[in-house]
Structure formats: structure tokens, C-alpha cells
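Everything on this sheet refers to the single structure shown next.
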Ligand SMILES: *Cc1c(COP(=O)(O)O)cnc(C)c1O
């Protein structure tokens, strides 16, 4: 594959080349079934095998304990911003949120449509350059749950030590860092993630929910937006996004073949260190956006002295085959998204470009 771009897209994002090639082989006819996987019933044995294998692999790779359900739903993580409070926020309780950046803010805004919301900690005053320390969390008197955004995709910050919230369920939006490293799932009541950053194509959203949190919600909640609907039906209440679930399964096989969650952590730390070292050793030419202790190993955000120079960096990098390095329109600057599937070779190429760009413009 001669013309594969250096893909640093924020999402949808790079997928492993082997996964794409294998899916291509299976695209027109899936395992001698006489048809594409996309053409077959989601109630048939062939698809069901894919469905349950994907779930089993996710359970294995994330070491999901007994007592949790894995759901495949649609609507993206953005729909989870609503489903979490619709299902878990009850009258007389308050939903607590940690305000860490752009995605946390969207989750908070959505939750406010459904009930009482409190901000338990916030780094807004520091321009969301850091993740609050666990000690900063102040819970309201009757908390329904505590919601955090594990990785702020736009600002480039990431939690390392999740807070211990005791008997209050901890909810994690892991859309942009699921399976980037080992995580103790038992700390969480619920984890959700859109697939299109670390797990596959867009179209499927993973929900991992502790069984005691699956209950009939208060008030009128549409059937499709209830966790109990999907839990009871093994995510086959209606037609699931079959091809996206198949692709997620193929990505999970790749993760397993490459050392599982621990293997991903080693690979991701190596990639992130290389870029942060390039930034830190540039004598101030590149300036990391996130505070050193809150840096993300998934989204590396940085700035140059002027917006003019940032524009030039984006333009020249594009001309050399690098894709997706412009920062999100809401914060500007530059961002390299280095999810699981982004290869160390591509990150080395980017570090080389950064040094070269500095030598020409520094
Ligand atoms: C991308 C992203 C979302 C939104 O995901 P959609 O699937 O587009 O709804 C939410 N949270 C985080 C942390 C993200 O990175």
C-alpha cells in the first residue's frame, strides 16, 4: 500500500492496515455464506457468532468483571450524554460532573435537560489545561453518580488516577481512550465509548454497565434510550449496526495479537513520549498545551509562537502526506491524535517533520 497517509485524524481515525485488508477479503462474501455480512439477518447464526465474539473479546481484553453487561448501541457518545441522566438521575438526587474540557461541557449541558446537575470539580479557570486532582472533587449531598471524561480529545488531557467515589457510581466517557491501557473496570458503574477513535468505524457505541444500575428509568423514556431494553435483548432488541460491530471485533483481534491492553499502553506511551520529547526539547518553539501532569497519550496538543506559523505547519505537513494535524476549531493550535492503530513509524515520521520544520523556521 504505497499511498497510505500519515493519518493523525481525531475521529473517525486510523484503523490497522491488516484489519482493513482482512475486512476487504471478507467484504463481498463472508466465510462461505454466499453473501456479505452486511446482507444477512442479525438474527442468523453467522451474524450472532460475530456479535457474541466481539463481546467476549472486549470482556477479555478489558478484564470486565462478572456483574457487568456489555451493550452495543447507536447514536454515538453524544446520545450517552442523554441516556446516562435519563436512566440514572432520579428525583431528589443530583448528577455530579467533572468539568475538564469541551466534551465534559457537552455532557453537562445535556444532563441539565433532565435534572439537577452539580459541577464537582472544574479546570475551566485554567483553560482546561489540566485534570483536577481527586481531592478537588466536591460531591453534592445526594449524588446520583459522578461523571468524568477520561480523555479530553480536544484539549489533549487525560486522567491517570481515577477518583475513588465509594458507593457513588462513577461514569466514564472513554470515547477517545478506551483500551489504550489497562483500566480497572470495577471502579466504574458505567463506561461508554463511541467506537470511531480506538475501536473501529463510527456507528457503534460501547456501553459497559454494572448490572445493579440497569433498572426501569423514572418517567417516560423512549424504549430505545433505556439501558434495560438493550441489556435484556443482548443488544439485539432492534437491528444493531452489524458491520460496525464486526469491524470492532476485527480491531479487538488485532489488539489481542498486539499484546492486549498492556501492549497498547507500551505502544502508546512510546509514541506519546516521542512527541512530547520533541516538543519539550524544542527550546520553546513548540509549546505543549496541556500541563505536564495531565498530558494525554492519545491526543497531543501543541502551539507555535503565532497562528501564522501554525497555519504554515498545517499546510506544509499536509503537503508531505500528514493528515489531521490542525487543532479543533474551538481551541486552535495543532493536535496529533495517536490512537492505538497509529503506528510508531508514523509518529517517528511526524517527529522528524517537526524537527525539520523547526530548523527551517526556528
Ligand atoms: C468524539 C467524542 C465524543 C462524541 O462522540 P460521537 O460518537 O461523535 O457522539 C464524546 N466524548 C469524547 C471524549 C469524544 O472524544
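Placed from the backbone N, Cα and C atoms, the Cβ positions cover glycine too.
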Annotated companion of 77, 78, 103, 153, 196, 238, 239 at the pyridoxal 5'-phosphate site, TrEMBL, chosen from 126, 173, 277: 173
Position of peak Cβ density within 10 Å, selected from the recorded positions 43, 197: 197
Tertiary neighbours of residue 77 (pyridoxal 5'-phosphate binding site) (same chain, Cβ under 8 Å, six or more apart): 103, 173, 175, 192, 193, 194, 205
Recorded pyridoxal 5'-phosphate site residues 77, 78, 103, 153, 173, 196, 238, 239, farthest C-alpha pair in Å: 31
Averaged pLDDT score, the domain 'Aminotransferase class V' (6-350): 97
Least surrounded among the binding-site residues, given as 78, 196, 238, when other CB atoms within 10 Å are counted: 238
